[in-house]
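Colleague: Supplied in structure tokens, the structure appears directly below.
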């Protein structure tokens with residue numbers, strides 16, 4: 001089977017509080033053979049800017065991420081499981097976790113909520129039937145999906161995505177220093193390939209996830225701007241790029257563990273502060 005072939009029998013499983021335990025049991029089995037985990041989140045935008053002096057633009061970008069992740073709540077998490085060849089498990093390949101979120105009580109950016117509502121996010125259901133993040137974290141910690149060097153995470157411009165996951169897993173605010181953030185990141189997610197970071201070595205590939213998918217001639221399954229569909233498309237893009245641009249081998253020393261827009265992946269931002277989130281927010285447009 002060629003890498004990242006689309007099989008329309010793929011199902012995206014919706015996970016709410018009522019079926020969380022049952023679906024996490026399935027994931028504990030799936031991860032044994034399908035150890036490539038493509039991930040995406042949906043979150044309520046950006047509501048704050050850090051103030052003060054910053055050592056560098058890279059430092060500013062991390063502080064921008066930190067203050068927003070600390071203030072806001074995750075809305076959705078999508079996880080798609082694939083094997084070394086880019087093949088999916090039979091039946092369900094993608095789980096979309098829907099978290100508790102209350103438009104009356106929780107902070108958000110209005111434009112982000114409008115986009116997510118248009119994309120089919122059911123905020124009333126999130127309020128009434130959403131998953132509690134702390135309980136989800138307990139299940140994820142023992143799932144074999146995190147804290148495992150054999151699991152390879154695939155993402156797209158994913159500083160904020162991993163920021164929210166680290167906040168959930170540690171049940172605390174993000175560390176003040178970016179170096180400490182990357183230390184925690186390596187603990188929970190020892191192997192990460194950020195597709196947007198890989199694109200730096202791919203001639204002519206540019207833009208957000210949807211634009212990249214179109215350039216790679218990939219067909220989306222499910223609605224854009226929902227975490228399940230976006231995680232599935234991220235996984236497809238990784239395997240298609242690996243085949244087309246990397247001769248089916250990614251140099252870990254060069255690419256593993258780098259997040260586009262943060263740390264060593266932040267050199268692309270040279271024209272002032274504040275633009276990394278804007279690109280992040282429109283990454284699937």
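Backbone N, Cα and C define each Cβ position, glycine as well.
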Colleague: Write down the one residue from 180, 194, 230, 248 that Swiss-Prot lists together with 40, 42 as binding divalent metal cation 2.
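Modeller: Between 180, 194, 230, 248, Swiss-Prot records just one in the divalent metal cation 2 site with 40, 42, namely 230.
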Colleague: In whole Å, how far does the CA atom of residue 42 (divalent metal cation 2 binding site) lie from that of residue 161 (divalent metal cation 1 binding site)?
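Modeller: Cα of residue 42 (divalent metal cation 2 binding site) to Cα of residue 161 (divalent metal cation 1 binding site) measures 8 Å after rounding.
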Colleague: List the residues of the same chain that sit at least 6 positions away from residue 40 (divalent metal cation 2 binding site) in sequence and have their Cβ under 8 Å from its Cβ, in sequence order, or write 'none'.
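Modeller: Result: 77, 78, 155, 156, 158, 161, 227, 228, 230, 231, 234.
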Colleague: DSSP three-state call for residue 42 (divalent metal cation 2 binding site): helix, strand or coil?
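Modeller: DSSP assigns residue 42 (divalent metal cation 2 binding site) to strand.
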Colleague: Using all protein chains in view, find how many other C-beta atoms are within 10 Å of the C-beta of residue 42 (divalent metal cation 2 binding site).
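Modeller: Summing over all protein chains shown, residue 42 (divalent metal cation 2 binding site) has 27 other Cβ atoms within 10 Å.
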